[in-house]
Amino acid sequence: MFSTEFLDLPPLLGASGSVTLPGSKSISNRVLLLAALCEGTTTIHDLLDSDDTRVMLAALRTLGCGVQENGSTVEITGLGGRLGTAPAKLFMGNAGTAMRPLTAALAVLGGDFELSGVPRMHERPIGDLVDALRQLGCHIDYLGQDGFPPLRIGKPNLKLDAPIQVRGDVSSQFLTALLMALPLVATKDIVIEVVGELISRPYIEITLNLLARFGVQVRRDGWQRFTIPAGCKLQSPKVLHVEADASSASYFIALGAISMGVRGQNGIKIQGVGADSIQGDIRFIDAAKQMGARIESGPNWLEVRRAAWPLKAIDLDCNHIPDAAMTLAVMALYADGTTTLRNIASWRVKETDRIAAMATELRKLGATVVEGADFIRVTPPTSAQDWRAASIHTYDDHRIAMCFSLAVFNPAGLPVRIEDPKCVAKTFPDYFETLFSVAQASATHIPVVCVDGPTASGKGTLAAVVAEKLGYHFLDSGSLYRITGLAATRAGIALEVANQEAIVALLRSLPIRFEGSHILLDGEDVSDAIRTEEAGMNASRVSAFPLVRGALVDFQRNFRQLPGLVADGRDMGTIIFPNAPLKVFLTASATCRAERRYKQLISKGIPAILADLRADLEARDARDSSRPVAPLKPAEDAQLLDNSDLTVDSSVEIVLDWWQSKQPFKSA
Ligand SMILES: Nc1ncnc2c1ncn2[C@@H]1O[C@H](COP(=O)(O)OP(=O)(O)O)[C@@H](O)[C@H]1O
Ligand SMILES: Nc1ccn([C@H]2C[C@H](O)[C@@H](COP(=O)(O)OP(=O)(O)O)O2)c(=O)n1
């Protein structure tokens, strides 16, 4: 997951390949609650690991459920419809799929509970559910503003005779909450009547489908009246697999529809969900087809290709696919006219006011947008010149972050900045990694920050922090020369230019692996062995051999991967990445560098003598700078930074400012 302040996405050429998507949020949280309410143990496979499911799991633990986690498999030992008597405070974050159903279940079972969430949760309405539960005799008080969380739940005095009325036109989650809770107390038939037009019906279908898996057959008369049969009982299905999230699939369906194939392949294959999914958002495929996607499906998979281009503008009632429809609004940027998405009033009460948010962000990209109470109308930028590079504000809304990533196929070749990219954790923590695994950008569009300079100038430290702040990969090119020196020495090859062919042959056979900050040579962790001063000196020796340098060029260039790279060394800016958009040449006085190295070694418990270190580094500087191949020198377009009197933090800040000044969008 990217936990950076922002993530800059370079313009993409195309995408192809296969992706496996995380489990559905709607199914995961429903199944967790049902498993918690029934008797016995339920093993749930492929459960989504996200903010919302973690909120639910934490609440279930607090309530006394047994929870055993093992990767994406979770075992829940249910409460059998009985709650402990201890008062409990439950924090629901911003998870509507946890807040609403738990409120209903706890209210009918009764106890002493407080349910709260993040500030946005306290702005999301729950009054219609509370009204319905109060008709049943449940005891619920508002602790803040009437109609909104936080809530306190007490003991009920249940009255089950009269039909319970619930509004269906604000959120279908209210009805879902009642449907899942009432089997706990169905000593007689309980009737629920929906007042107003029921929105988001496919989510109710998921609820009914899963209740059936837990042994409860709800009778339904149209979409207005639901009967929980007397004597029904939630029964564990023992084992259950969660489908991949159909709303998450929408981004990859759109990706297949928008992008050209790459690497001789065509299309995006999506594993984990097929066209016969029980999730309503799977109907997104019909809308995508209308816009021009070619989609094939089989058991638990979809394959999507671009067919019509530009995409075809559509006018669609999106009530049945409220979440996935946001993706259509971004696909509309690539359409041949104006797209109108209707009947989406529920967008206004989601993680943020999604109609307003989509309109604002689409306009930043150059689109013309008209918004109404329950619709949005999107006209793409007229021509490539009318597209704008935009920093997309994401409103703590995972779907905004994910759907706007698709703007990277813009014909103007502009990058897109996604602010607060970690908001995708709500449903799809590895969304961007998954996107990058199938996407391709032209190598020149993948940004590289080069940090070159003499030993102990702080290159490694600076480069690693800058990489972390930008969410980029990190290449410590010196480690490659250090490994080469170490391996040659171990193999008994003298580090002399006459032996350079033998050293290169050895280098080509070396199984080198980078695992985070660890470097493995043929399975052995050599991270410490290559850091000694002797290894540094040996590295400096082998690095002067032209054949060794040549053998490492492609290896280093292959680190230029999405979303970007920070590389430190001696020739990053001059030889390896000559077209890098930012090159930093970092220096510090010899005294200063010798002192830094001294402190570094002593702090690691390695004995050192300051005067020797200084002599060694001056010798190394002299060799690195005077060698005929790729000598240590600043690239012509490098920005010089002498950090003798700067802290690490201020050096990082300076480099990030230089980076920002080269971006086409304003800072986040
Ligand atoms: N700007 C700085 N101010 C003070 N100390 C620094 C600075 N940059 C790096 N250091 C320290 O100097 C030592 C050497 O830095 P390092 O990043 O290993 O240098 P290089 O990769 O250039 O050899 C480290 O202990 C590091 O914490
Ligand atoms: N891109 C590079 C990186 C390192 N080298 C050589 C020259 C250096 O003296 C050695 C060791 O580099 P490294 O960056 O690990 O050394 P320091 O941390 O700066 O002491 O490798 C190089 O020639 N080209």
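Each residue, glycine too, has its Cβ placed from N, Cα and C.
Lifted from TrEMBL, the feature list:
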type	residues	note
DOMAIN	16-435	domain 'Enolpyruvate transferase'
BINDING	K25, G96, R124, Q173, R354, R399, K426	phosphoenolpyruvate binding site
BINDING	K25, S26, R30, S171, S172, Q173, S200, D323, K350	3-phosphoshikimate binding site
ACT_SITE	D323	active site, proton acceptor
DOMAIN	449-657	domain 'Cytidylate kinase'
BINDING	G453, P454, T455, A456, S457, G458, K459, G460, T461	ATP binding site
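Here the features listed in TrEMBL are painted onto the structure.
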residue	record	contacts (Cβ under 8 Å, 6+ apart)
K25	phosphoenolpyruvate binding site	L48, S50, D52, T53, T97, D245, S247, K426, T427
R30	3-phosphoshikimate binding site	T97, P101, T176, M180, I206, T207, L210
Q173	phosphoenolpyruvate binding site	G96, T97, R100, P101, L129, Y203
S200	3-phosphoshikimate binding site	S171, S172, G280, N319, H320, P322, S346
D323	active site, proton acceptor	S247, S250, D281, R399
T455	ATP binding site	G536, R593, R597, L617, R620, D621, D624
S457	ATP binding site	L586, T587, A588, R593, N643
K459	ATP binding site	V451, D452, G453, D568, G569, L586
T461	ATP binding site	V648
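Across the domain 'Cytidylate kinase' (449-657), mean pLDDT in this model comes to 94.
Closeness to ligand 2 is met by none of the binding-site residues R30, G96, Q173, K350, R399, T461, no Cβ falling under 6 Å from the molecule. Rounded to a whole number, the C-alpha distance linking K350 (3-phosphoshikimate binding site) with R124 (phosphoenolpyruvate binding site) is 7 angstrom.
Only T461 of the binding-site residues listed as K350, R354, T461 bring a Cβ under 6 Å of any atom of ligand 1; the order follows the sequence. For the binding-site residues G96, G453, the ranking by surrounding Cβ atoms (within 10 Å, all protein chains) places G453 first. In the three-state DSSP reading, the residue listed as 'active site, proton acceptor' counts as coil. Each of the binding-site residues R124, R399, K426 was scored by the number of other CB atoms within 10 Å of its CB, and the largest score is that of R399.
Surrounding the centroid of the Cβ atoms of G453, P454, T455, A456, S457, G458, K459, G460, T461, where the record places ATP, the chain contributes additional residues within 8 Å, namely L462, D568, L586, A588, R593. Across K25, G96, R124, Q173, R354, R399, K426, which the record gives as binding phosphoenolpyruvate, the greatest C-alpha separation is 19 Å.
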